[in-house]
Amino acid sequence: MPSKRVFPLHLAQETNAVQRQEDIAMPKELEMSEKQNGVLSGGSSLDNTFCQRTKYGFGWRHIVAFLGTFGFMTNYLIIFNLSVTIVSMVNNTALEDQSWQKLENLTNGTIPFSPSVCAAPNQTSVDKDGPFLWSRRQMGIVLGSFYYGYIWTQMPGGLLSAKFGGKWIFGLGTFLAGVLTFFVPLAASAGVEYLIAIRVLQGLSEGITFPACQAILAQWVPPHERTKIPTLTISGCSFGIVIAFITSGLLADLSFLGGWPLVFYVCGLISCVWFTVWVIFVSSNPAGHRFITSAEKDYIAKCLARDLKSRKQGGGVVGMMDLPWKAITMSTAVWAVFISHFTFNWCNYTLLTSLPTYFNTVLGLNLRANGLLSAIPYVAQTVVQIVVGPVADTLRSKCGLKTELVRKLLDCSAHFFPGICIIAVGHIGCDTTAAIALLSTAVGLTGLTGGGFFVNLFDISPQYAGVIFGMSNTLATIPGIAGPYLTQTLIQDEPTVASWQIVFYISAALYFFSTIFYMIFAKATIQWWADPQYESKKKSTATKERF
């Protein structure tokens, strides 16, 4: 009798047979063994399991996910509060005078110069100048410095979570970044290099949180809920951006504690409160939770039993040297995820760090209006990220679309249409309403990636999803470093519509390239090198050769 393959449940619902679609050839002796066992020729779909037959409603797994949502909200509040606040920290009048002086020296005063390209709309308040005389290039380095640290702790975060549990890694990463936030005003006053150092340390601290959260969700979320619950948790990122933009502008406009320092004190306090709640009510897995009912604990355990069986077939947790690195790095399906992730972050980080600057220097908006209007695109993104999970499930279960088609449809839409919108933003002149509408559409549609590359690794490599996501997030951190610096360099002395058009063209080009690459190379079936049976047979073959 040919042996049946064991798939994670959500993959079994999406396909009746696994097709090997890779450029890398499987070793012949293992391929013959696979064929003899009926694996390459196709496998049967899963029988109904306990968690399919049994419904368990709202429980502690949802509370853990919600607290993860607020954890990501806190993280992104810490990351992006500086994007708006820096407008009130810098002496913009002095910068504008310097720009005017440079232009006057070049033209003998024959060319009129306006610090803001567009005439400022009627506003009830006027921005106050900050104490720091930082050039736009220095501002770009400050805004990107968080990612100088963030890029180095992605992979260690996954390894630490496997050793110590995701609860403490996620919690301490967020808490330490929050504590460092208290020192931002002091560091900025001491010198821009000290502020950069604080931001690098914050990046090192928060870099471990994404892999840690994945480790927690893998222990808590039944397979049939792995579209809805993770996308809800990830929506905390967009929610944090919205809160950061709105509150930073409002708090920095106050006179209490100097205005802009208040932003960082509030963010630090929020992280401390969240960490206290997190430590009390969250555990790394259901077995260690103090409040969960026995019924829900048994339900989760039985639903995850098939995943545990798959891991045992693959030899359990493997060491870093045992991973199929060559197959992973040469897989076009994996690179489709890498490129989509990189592009999403490039455009997202560029807009996140530079949108307030664009509204201030080009559209002439004051700090209060700047923060509120900068938040609107991310309100749209939050809404889309919340609904995309159920939409993806509906397209597969009720509309009968294949998983690969759903992934490509959502991911490509999330990049192609925003690319068009971004180009249009550079050609609408001073129409603030149109700019907000186009940017909201662009950023909102990027939320569709929650049904695209964000979950695609669970389709193609559930066994190594955490490790590959760490690789992907490491590469996708580069835009956080390069994007803000390049943007501020391009608009260095000429923050005009023309200079911003270049910024938008670069983002649009990446969007279009990612759309084409993902459409061609993305897959939604388990790749041969990620099959637990392949790993088991490889070890068995190696053992026989040894003896």
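From the backbone N, Cα and C atoms, a Cβ is placed for every residue, glycine too.
What TrEMBL lists as domain 'Major facilitator superfamily (MFS) profile' is 61-526.
Counting only same-chain residues 6+ beyond the ends of the transmembrane segment (63-90), those with a CB under 8 A from a CB of the stretch are 127-134, 139, 142-143, 146, 170-171, 174, 177-178, 181, 184, 188, 199, 202, 206, 209, 213, 216-217, 220-221, 229, 232-241, 243-245, 247-249, 252-253, 259-260, 263-264, 267, 270-271, 274, 277-278, 281-283, 352-357, 360, 367, 370-371, 374. Taken from TrEMBL, the feature transmembrane segment applies to 63-90 (among others).
What TrEMBL records for 141-161 (among others) is transmembrane segment.
The transmembrane segment annotation in TrEMBL covers 168-188 (among others).
Summarising the annotation, TrEMBL assigns transmembrane segment to 229-250 (among others). Within the chain carrying the transmembrane segment (229-250), a Cβ under 8 angstroms from the stretch's Cβ atoms is held by residues 61-62, 65-66, 68-77, 79-81, 83-85, 213, 217, 221, 263, 266, 352, 356, 367-372, 374-375, 378-379, 381-382, 385-386, 388-389, 447, 450-451, 454-455, all 6 or more beyond its ends.
Per TrEMBL, transmembrane segment is recorded for 262-282 (among others).
Positions annotated as transmembrane segment by TrEMBL: 327-351 (among others).
According to TrEMBL, the feature transmembrane segment maps to 371-388 (among others).
Annotated transmembrane segment per TrEMBL: 434-457 (among others), in sequence order.
Summarising the annotation, TrEMBL assigns transmembrane segment to 464-482 (among others).
For the transmembrane segment (502-521), the list of distant contacts is 332-333, 335-336, 339-340, 342-344, 346-347, 350-351, 354, 408, 411-412, 415-416, 418-420, 422-423, 425-426, 452-453, 486-487, 490-491: same-chain residues at least six beyond its ends, Cβ to Cβ under 8 Å. Here TrEMBL flags 502-521 (among others) as transmembrane segment.
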Check the transmembrane segment (141-161) against the transmembrane segment (434-457) for contact, please; criterion is three or more CB pairs under 8 Å, pairs 6 or more apart in sequence.
no
Any contact between the transmembrane segment (434-457) and the transmembrane segment (327-351)? By contact I mean 3+ C-beta pairs closer than 8 Å, pairs at least 6 apart along the chain.
yes
Counting Cβ pairs under 8 Å that are 6 or more apart in sequence, does the total for the transmembrane segment (464-482) and the transmembrane segment (168-188) reach three or more?
no
